[in-house]
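Visitor: Structure in structure tokens, see below.
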Amino acid sequence: MSSSFHHQPVLPQQVLEALAELPDEGVLLDATVGGGGHSSLLLDVHPGWQLIGLDQDPAARAAAAQQLERFGERVQLVASNFAAYTPDQPVVAVLADLGVSSHQLDVPERGFSFRADGPLDMRMNTEGDGETAAALIDRLEENALADLLFHYGEERLSRRIARRLKTEGPWDDGERGTAALAYAIAGCYPPKQRHGRIHAATRSFQALRIAVNDELGVLETLLNDAPNWLEPGGRIAVISFHSLEDRLVKNRFKADERLRVISRKPLIASEQEAEANPRARSAKLRVAERLSAELEPAQ
């Protein structure tokens, strides 16, 4: 499983620089360890650091175990969503890469991509009993589905798409998958808009993935809890990939009295990285530093 997990870390130099001046010894909590790319870079340049790596995706944990094997007992991998975890000791840094990995997109069985047919799943945690995308579409009323597509995907044709999906359902019957869903969504667009640079189904697939995994809800939990995990002077670094996440991170960092924002504007990929790794084009890194340990969470 791990051998098929390919995940090139985005903004590697920016992450290293953001966490460069932290203490020589401490614990790094990688809230989305993925394939272990960011963590391996940080453990290399901080030989006194230990790692707690979280991921609810079993394929990601297997890949991380292989990537980080050379660090031995410095590494602890935990099967957990970061919203359900609390470290038992202060940490010097918290890192979260909120993007879907290349592996998750490239494996049709995961149901994240419309570029190859697969089941309408979209769950990050395939070992759990959470609701699939197909079940979610079937369960929601048309208006609720339209609201979901609009708010989570910023899809301007959300009403039209929701009406078509409910008309053509049920989707949780094992007969149709991601290709059929993408075809139905694209059919709601005028012919000239169906084959642009951004696929017509992109926003709807994003919205369904966010809803299935409660991505904004668990991010809210992380942003509320993580400052309490940090040592004074420790840093939290969050990489987001769409405006909903970035806006949430920006506003919470700014409003949280426990934190000092390190950079007013997000750090983004260089032209060279964006060309070499298209996934990095939409990546934004925001960093904040922990102030006094006595302050309570922002409400």
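Glycine is no exception: its Cβ is also placed from the backbone N, Cα and C atoms.
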Visitor: Among Asp24, Asp55, Asp117, Asp129, indicate the single residue that Swiss-Prot lists for the S-adenosyl-L-methionine site containing Gly36, Gly37, His38, Phe82, Asp97, Gln104.
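Guide: Candidate listed by Swiss-Prot for the same site: Asp55.
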Visitor: Using a 10 Å radius around its CB, how many other CB atoms surround Asp55 (S-adenosyl-L-methionine binding site)?
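Guide: Taking every protein chain into account, the count is 27.
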Visitor: What whole-number value in Å do you get for the largest C-alpha pair distance within Gly36, Gly37, His38, Asp55, Phe82, Asp97, Gln104, the residues recorded as binding S-adenosyl-L-methionine?
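Guide: Output for S-adenosyl-L-methionine binders Gly36, Gly37, His38, Asp55, Phe82, Asp97, Gln104: max Cα distance 18 Å.
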